[in-house]
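Engineer: Below, the features straight out of Swiss-Prot:
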- 197-296: domain 'Fe2OG dioxygenase' (DOMAIN)
- Tyr206, Arg287, Ser289: 2-oxoglutarate binding site (BINDING)
- His221, Asp223, His277: Fe cation binding site (BINDING)
Amino acid sequence: MATSAISKLLVSDFASSVHIPSNYVRPISDRPNLSEVESSGDSIPLIDLRDLHGPNRAVIVQQLASACSTYGFFQIKNHGVPDTTVNKMQTVAREFFHQPESERVKHYSADPTKTTRLSTSFNVGADKVLNWRDFLRLHCFPIEDFIEEWPSSPISFREVTAEYATSVRALVLRLLEAISESLGLESDHISNILGKHAQHMAFNYYPPCPEPELTYGLPGHKDPTVITVLLQDQVSGLQVFKDDKWVAVSPIPNTFIVNIGDQMQVISNDKYKSVLHRAVVNTENERLSIPTFYFPSTDAVIGPAHELVNEQDSLAIYRTYPFVEYWDKFWNRSLATASCLDAFKAPTT
C-alpha cells in the first residue's frame with residue numbers, strides 16, 4: 001500500500017519506507033527501465049586539461065570541439081580545482097543533509113525565485129509526479145551578495161562553499177575561453193555576451209530508494225545553462241542519452257563532468273547541442289552530486305554568434321532574446337524532455 005506523503009516536506013523522510021509514496025510512482029510508459037541501460041565504457045570523452053595553457057592548447061581545444069559537437073558531455077581531469085577543496089565540499093555537503101530535519105528545513109521553500117533554498121523534487125509546485133531528490137540550491141556569484149543567506153550550519157559550510165565556488169568559477173572561465181576558440185571565435189566572445197554572469201550551485205541528495213525502478217532522481221532533461229560542471233561522488237546514477245539509448249556514466253575519481261546547456265546551443269547556432277540526461281536512484285546507497293550552473297545575467301541578450309551565421313549555408317536557427325524570457329519559461333513548467341528552445345527558434349521565411 002502506498003505511503004502517504006501528506007505533511008512531509010522532503011523525500012529523505014521516506015528513505016526507510018518499504019514502498020515509495022504513490023505521488024512518486026511514474027506511469028509505466030515513463031519509468032527508467034534500468035535493465036536496458038548500457039554501462040558507460042567510453043560513453044563520454046575524458047579530456048586532460050593539464051596543458052590547456054601550454055604548447056598543446058590547440059590539441060585540447062580540438063578535443064573540446066569534438067566532445068561538444070559529438071557528445072555534448074565530457075569529463076575533465078587535471079582541471080585545477082584542488083583535491084582538498086573538492087573533498088571539503090563533498091564532506092560539508094553530506095554533513096548538511098545528515099543534520100536533523102529541524103535544522104535543514106529552516107531553508108525550505110517551494111519558490112524557485114529564492115536565491116537560497118532547500119526543496120525537493122524539481123519544481124515541487126509544478127511537478128505532477130515527484131522525483132526522489134532533495135536539494136539545496138544557492139546563488140554564488142558575486143559571493144558577497146549571497147553568502148550571508150547561505151546555511152550557517154554546518155559551521156564550515158559558508159567558508160568551504162565560497163572556496164569551492166571561487167575555484168570552479170575560475171575553471172568555468174578557462175573552459176569558456178577554450179570553447180569559444182573551438183568555435184572559431186575570439187577567446188573572450190562567450191564570456192563577453194553573458195553580461196555580469198550568474199553562477200548557481202545545487203547540492204543534490206538522493207537517498208536510498210525502496211523501489212528505484214518506479215521513479216527517478218531526476219527525469220530526462222536538458223540544462224538551461226551555458227555550461228554545467230558536475231561534481232559527483234562514487235555512487236553511479238548519472239545517465240546520458242546517446243545514440244537512442246540511455247548510457248550510465250561511471251564516476252571517475254578526481255574528475256568533473258561538463259555538459260553543454262541550452263544557451264551554448266543557441267550561441268553556437270546548433271554546432272554544439274544540449275543533451276538529455278537523467279539521474280536514477282538505487283536501494284542501497286545515498287548519492288550526492290554538486291552541479292555548478294553557469295548562466296548569463298538575466299538582462300543579457302542571447303542569440304547565435306554573428307560569426308557563425310551567414311545567408312548562404314548557415315542561417316540563424318534561433319532568434320535573439322533576453323535571457324530572462326528563457327528563464328521565466330523554464331521555471332514555469334515541470335522538468336520535461338522537450339527543450340525550451342523550441343520557443344526560441346528563428347521564424348522561417
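Cβ from N, Cα, C; glycine included.
So that I understand the layout, could you describe where these features sit and how close they are to other parts?
Structural biologist: DSSP assigns Arg287 (2-oxoglutarate binding site) to a strand segment in the three-state reduction. All chains included, 24 other C-beta atoms sit within 10 angstroms of the C-beta of Arg287 (2-oxoglutarate binding site).
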Engineer: Report the DSSP secondary-structure composition of the domain 'Fe2OG dioxygenase' (197-296) as helix, strand and coil residue counts.
Structural biologist: 9 helix, 45 strand, 46 coil
Engineer: Could you work out which of the binding-site residues (His221, His277) has its C-beta surrounded by the smallest number of other C-beta atoms within 10 A?
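Structural biologist: Across His221, His277, these binding-site residues, the one with fewest Cβ atoms within 10 Å is His221.
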Engineer: Do me a favour and check the Cα-Cα span between His277 (Fe cation binding site) and Tyr206 (2-oxoglutarate binding site); whole Å is fine.
Structural biologist: 16
Engineer: Between Arg287 (2-oxoglutarate binding site) and Asp223 (Fe cation binding site), find the distance joining the two CA atoms and give it rounded to the nearest Å.
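Structural biologist: With distance taken Cα to Cα, Asp223 (Fe cation binding site) is 20 Å from Arg287 (2-oxoglutarate binding site).
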Engineer: C-alpha of His221 (Fe cation binding site) to C-alpha of Ser289 (2-oxoglutarate binding site): distance in Å?
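Structural biologist: Cα-Cα distance, His221 (Fe cation binding site) to Ser289 (2-oxoglutarate binding site): 16 Å.
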Engineer: Using the recorded Fe cation site (His221, Asp223, His277) as reference, state which further residues of the same chain have their Cβ within 8 Å of the centre of those residues' Cβ atoms, listed in sequence order.
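Structural biologist: Filtered neighbour residues, in order: Leu218, Gly220, Lys222, Thr228, Asn259, Ser274, Val275, Leu276, Arg278.
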